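K.L.:
Annotation comment: Swiss-Prot describes 169, 380, 441 as active site. Swiss-Prot lists 132, 316, 396 with the feature N-linked glycosylation site, giving sequence analysis as the kind of evidence. The annotation signal peptide is assigned in Swiss-Prot to 1-19.
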């Protein structure tokens, strides 16, 4: 009997060592209006000697011990991935002025274990013990990699699991630079399968090269201004013009800025967004735009006070909810930390951009044979679809299918039958480019059903038009 008792203690201890950390488990999330059929965890991962990144893991509601691990990163640089969780692809969405949590039926954790990581230190609930928040692209990729190693030590059951990295916006830099590090660590990540980048900042200068024609063909720039830029700045060919360089040409600078400021009265993250505006709403989206322009040395746009960020983006609800004392306690957030903010001005202002173009990282990923999905909402102007299509074309990959054919439609199953979700181009090297019709910068927020189907089919190697039942 004594031997059996000792054996039981040993087995129990061994099982505990292989299990998720009980101290990080979220047992009571305030405001829930449903009972989750999955476990979720919130805590900290050590990213460097003085840097600790907050994570929130939402395990799969389908088969958590078998489904893949999917990392999600928001961009900025300097914005929190909890926005991705609460406003986009996570299972918990906030309403009623931060008082209630309702279930997102299009959550990605219906088929994957989704890890939301607030990066870099200083963003959201993440922190640095020495208060130095100046980081570069390469340092962020290193810190994210080290945080993932710490995650595997906390959750050893995920070691060897199929692993995917996803995200949007400035994560177009975070993801490729992190992927290169992961590819060099087969020991800890033997089943790294691929990446999915939404509306990514893959080539900063070309984003601005493509914005003037994008605006023009959306009837936002007058013929006389467009023709003036073409004639006097672009040798009569805007299609191949390095418009970005014209920002530094005194004869063209004002013309180009006037063209790009044509959307001042619109939501540049979704040109067709219809919403009442509230000047008191948190300025996350204005922050992202400012960071993108600062990164390439452009002046910040001027916004009218009443047209900054739409209230219906739910950002204010998120901010209110995550700063509730009972919510912070449930998520195991130290009381000594300051209030949660969607985007950190301090991180943004001190951020050092070193990767203006991620072609080398893409070439490394392609050579390694992992799957790559680049997707874009087609009415986003912050990181527009033409920029990313041209970025992939610059890789000189073979287009699969009929060379002269227009991009092929992909479909989703809607309430009234099958509908066009967007268009797709497939390249040799396991590279896919998809547009999401009618979506802006935040695809899982604007088109949740389409994005869920797209990602499910991507990681399961199915045709993007395949209907899903979850």
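Think of each number as a place in line: the chain as shown, counted from 1.
Every residue gets a Cβ built from N, Cα and C, even glycine.
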K.L.:
Which of these recorded positions has the least crowded Cβ, counting other Cβ atoms within 10 Å: 132, 169, 396?
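P.N.:
Candidates: the recorded positions 132, 169, 396. Fewest Cβ atoms within 10 Å: 396.
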K.L.:
If you compare CA-to-CA distances from residue 169 (active site) to each of the recorded positions 132, 316, 380, 396, which comes out shortest?
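P.N.:
The answer is 380.
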K.L.:
Can you tell me the three-state DSSP label for residue 132 (N-linked glycosylation site)?
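P.N.:
Coil, per DSSP.
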K.L.:
Nearest of the recorded positions to residue 441 (active site) by CA-CA distance, picking from 132, 316, 380, 396?
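P.N.:
Comparing Cα positions, the candidate nearest residue 441 (active site) turns out to be 380.
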K.L.:
Non-local Cβ contacts of residue 380 (active site) (under 8 Å, 6 or more apart, same chain)?
P.N.:
199, 268, 269, 270, 271, 439, 440, 441
K.L.:
Just how many other Cβ atoms lie inside 10 Å of the Cβ on residue 316 (N-linked glycosylation site)?
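P.N.:
Around the Cβ of residue 316 (N-linked glycosylation site), 19 other Cβ atoms lie within 10 Å.
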